[in-house]
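Novice: Not my notes, these are from TrEMBL:
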type     : residues : note
SIGNAL   : 1-22     : signal peptide
DOMAIN   : 33-96    : domain 'Thyroglobulin type-1'
DISULFID : 36-55    : disulfide bond
DISULFID : 66-73    : disulfide bond
DOMAIN   : 107-169  : domain 'Thyroglobulin type-1'
DISULFID : 149-169  : disulfide bond
């Protein structure tokens, strides 16, 4: 009996077009790695951070992140992986699944936009980055190296950086706040 099953499996592996849809997985769909999965792969390969983040099956960050062989754990944001230091606990904290929601009102506009399910993306399809104080980084760059200047408070796009000689994003923001149109300067 076991021999028949093995032969049937081998036959299905060798001749996959004979698999009946719905009766046997005809192919496994692969999706691109999520941000968490990519961070995890990089950390495991020795690239970047040494802390290896744990990912949920859907690719988001696990809401409980443990470090140092599980000695200390933190609640984490499922979409950004940001650890909440006030939840640090020896062992596993409880109530982490919804903890990030309690913190919603404490976040800056940049943090809210970055952490949302539907973040506003810049040209080139990337999510705006925040400074440590929660404001928008003045210069936002794509993985391809295209950079844009944005308003540090609202994230409003001023335009592409580097197109006007040595004008910095700090100067662009100052001109914008002064009511000048930086794109007409030459």
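Backbone N, Cα and C define each Cβ position, glycine as well.
Please treat TrEMBL annotations as automatic predictions, because they have not gone through curation.
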Novice: To the nearest whole angstrom, what is the C-alpha distance linking residue 55 (disulfide bond) and residue 66 (disulfide bond)?
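Specialist: About 11 Å separate the Cα atoms of these two residues.
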Novice: Reduce the DSSP letter at residue 36 (disulfide bond) to three states and note it down.
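Specialist: Its secondary structure by DSSP: helix.
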Novice: Using a 10 Å radius around each Cβ and counting other Cβ atoms from all shown chains, which of the disulfide-bonded residues 66, 73, 149, 169 yields the largest count?
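Specialist: Counting Cβ neighbours within 10 Å, the top one is 149.
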Novice: Around residue 55 (disulfide bond), how many other CB atoms lie within 10 A of its CB?
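Specialist: If we count other Cβ atoms within 10 Å of residue 55 (disulfide bond), we arrive at 22.
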Novice: DSSP three-state call for residue 169 (disulfide bond): helix, strand or coil?
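Specialist: Reduced to three states, the DSSP call for residue 169 (disulfide bond) is helix.
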Novice: Could you find out if DSSP has residue 66 (disulfide bond) as helix, strand or coil?
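Specialist: Its secondary structure by DSSP: strand.
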Novice: Select the closest residue to residue 73 (disulfide bond) from the following disulfide-bonded residues, measuring between CA atoms: 36, 149, 169.
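Specialist: Answer for the nearest of the disulfide-bonded residues: 36.
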Novice: What whole-number Å value do you get for the CA-CA distance of residue 169 (disulfide bond) and residue 36 (disulfide bond)?
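Specialist: Rounded to a whole number, the Cα-Cα distance is 30 Å.
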Novice: List the same-chain residues at least 6 positions away in sequence whose Cβ sits under 8 Å from the Cβ of residue 36 (disulfide bond), in sequence order, or say none.
Specialist: 53, 55, 56, 59, 60, 61, 81
Novice: In Å, rounded, how far does the Cα of residue 149 (disulfide bond) sit from the Cα of residue 66 (disulfide bond)?
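Specialist: Distance (Cα to Cα, whole Å): 36 Å.
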